[in-house]
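K.L.:
OK, TrEMBL features for this one:
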type     : residues : note
COILED   : 526-567  : coiled coil
COMPBIAS : 376-386  : compositional bias 'Basic and acidic residues'
DOMAIN   : 10-81    : domain 'Agenet'
DOMAIN   : 85-141   : domain 'Agenet'
DOMAIN   : 166-239  : domain 'Agenet'
REGION   : 312-346  : region 'Disordered'
REGION   : 359-392  : region 'Disordered'
Amino acid sequence: MGRLFSSEKLSLREGCEVEVSYNNNVIEGVWFKAIIEAKPPTNPSSVSKELFVRLLKDDSSTPLCEIIHKASIRPIPPKSVQALIDIEIGTIVDADYKQAWWTGFVVKEISDGKCFVFFDSLSDIILFDRKHLRPHLEWVDKQISSWWFTESTRNSEFLKRLAEEPMFSPGTMVELSSKRNGDEVVWVPAMVIKEFKEDDGDDYKYIVKDMPLIGKSYESRPTKTVDLRSLRPIPPSIRVEEYQLEEFIEVYNDGIGWRQGRFMENQVLVMGSLSQKWCVLLMEATKKKMMFKKSDLRPLKVWEDGVWKKRELSSTQGPGDEMGESVMNGNEFDPPVTPPPGITTTPLKQIEAETQRKIFSKKPLPRIQRGSGNDSTRENENSKDINRKRKREDNICSVARVEEDKAKDTTMVLPFEKKLPIWKTLESMEVFKTVPQSPHFSLLAETREESREMLAVGMMLTFSGLLEEVKLLPLSETISSFISVSKSLAELEKHGFNVKAAQLRIYKLLTIKSMQSKKKEELKGAKKATAEKESAKVENERKILELQRLNEEMEKEIAQSKSCEAKIVQQLDVVKLEFQATTSAPW
């Protein structure tokens with residue numbers, strides 16, 4: 001049921017804020033913010049100013065007399081009326097978007113005071129702060145009166161469909177299947193924009209758009225219309241401490257989406273003083289090994305018949321079959337995974353394979369004797385004996401592998417080749433003998449190849465200069481200078497420089513500077529206290545002198561009072577005698 005609210009008549013005086021909607025606007029229901037302005041008349045003989053409507057969206061002005069014929073003008077909807085209508089799921093609203101008010105309706109509320117709003121005119125869903133939304137109102141202007149009204153504050157069709165609990169309603173986060181390189185299926189994070197039925201169909205269709213994960217990115221594609229089979233919900237979040245060998249997983253490949261693969265091994269990547277756990281995966285589509293951060297992995301779940309199911313290994317291939325065959329052959333090994341330049345790796349699988357190869361090369365397996373009679377019996381016994389020996393050798397391999405895993409491969413791979421002769425000079429400098437450095441310069445891999453070596457040389461010289469600067473910093477230097485040197489060292493640390501000693505030195509110097517500042521403040525406070533006490537002493541002495549002067553004046557006044565008292569006593573004696581004389585006089 002509609003609601004009516006009285007309204008004041010539209011005012012078109014100078015300075016009034018209004019809203020303008022063009023009659024021939026391609027997008028309906030858009031009200032642009034505007035203000036009425038007055039300018040001097042173009043005709044010198046005219047006395048009155050000419051009124052213009054200035055649109056805020058592009059700061060353009062149009063004479064009022066012209067815009068009235070091609071657009072609708074209305075006042076700003078009163079906030080007192082807006083406050084009477086609650087904004088919730090399904091509410092028809094106007095959204096403050098690109099200096100205009102666009103009509104849509106709320107499809108989802110977020111806990112932090114934000115709402116997803118669907119715009120049929122844009123075929124899109126946009127996230128807004130609640131403060132940028134207002135209830136949608138229509139304005140009617142008649143000669144006698146004007147009023148605001150709303151036929152319905154909520155989208156009943158959307159709410160009716162929502163009550164049916166559809167699988168994917170507008171605003172729902174989903175994953176969209178997409179083909180890559182012809183046959184690989186990847187799942188791309190997306191959002192459902194609209195759910196609809198075609199005129200000649202019974203099944204729902206969905207308009208979706210890509211929604212990259214937080215901190216990730218890829219080239220966004222235009223919105224796409226798909227059926228239910230191309231969508232699935234977001235899989236439940238599962239925390240995994242360690243993945244099993246050849247366990248099926250999905251990995252978020254930045255710029256592509258979620259891809260399938262199998263877990264092969266862990267690798268620890270060391271960059272400077274930091275280490276991070278990465279995983280080597282055998283990609284399902286390409287059968288190639290790639291390395292990803294463990295945080296980008298999740299267990300593979302398959303969406304079937306409306307439930308999540310775990311994909312299991314086939315019965316014909318157990319975990320580690322391919323790996324075991326590679327190790328037992330002794331001559332065929334998987335190609336090593338190449339880490340980014342400047343990153344030191346601990347190749348667990350290579351160490352394991354190499355260890356087993358050495359053991360099997362030193363200790364050949366016993367040969368099976370062929371003969372007649374009980375050949376099959378002897379063959380079975382020999383087979384059991386071989387298995388027992390292999391198990392014992394496997395245990396030896398495991399112990400050796402644990403020992404080897406403790407060793408770090410310290411080979412440094414630089415993103416450039418050292419060609420400049422200045423490297424010998426740099427490496428012979430006293431500073432690099434006193435504070436040895438092994439920077440990896442891995443971040444230079446992102447720069448132009450021909451400039452990498454010169455940048456690296458510049459960093460070596462900068463490091464040397466900064467250490468010398470630290471030694472020459474005077475006690476009177478400002479704290480900002482210390483912090484500037486510390487920040488420069490921190491930047492070098494990103495490239496693998498060992499700046500711990502220098503940073504500790506700066507920290508100690510800053511501590512001493514802080515102590516100096518503290519003592520200066522204490523000295524300032526002590527001087528202030530001394531001055532205050534000396535001032536108080538002078539004031540007290542002045543008061544003492546003033547009291548002495550007052551006492552002397554008081555003594556004079558006391559003496560005067562005593563003299564006056566004596567005179568009065570004499571006068572009283574005279575009065576007494578006069579009284580007695582009067583009473584005793586004869587008649």
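Yeah, the Cβs are placed from backbone N, Cα and C, and that goes for glycine too.
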K.L.:
For the coiled coil (526-567), what's the mean pLDDT in this predicted model?
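P.N.:
That stretch averages a pLDDT of 91.
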K.L.:
When secondary structure is assigned with DSSP, how many helix, strand and coil residues does the domain 'Agenet' (166-239) contain?
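P.N.:
Here the numbers are 3 helix, 36 strand, 35 coil.
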K.L.:
Write out how many residues of the domain 'Agenet' (85-141) are helix, how many strand and how many coil, based on DSSP.
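P.N.:
Tallying H, G and I as helix, E and B as strand, the rest coil: 3 helix, 36 strand, 18 coil.
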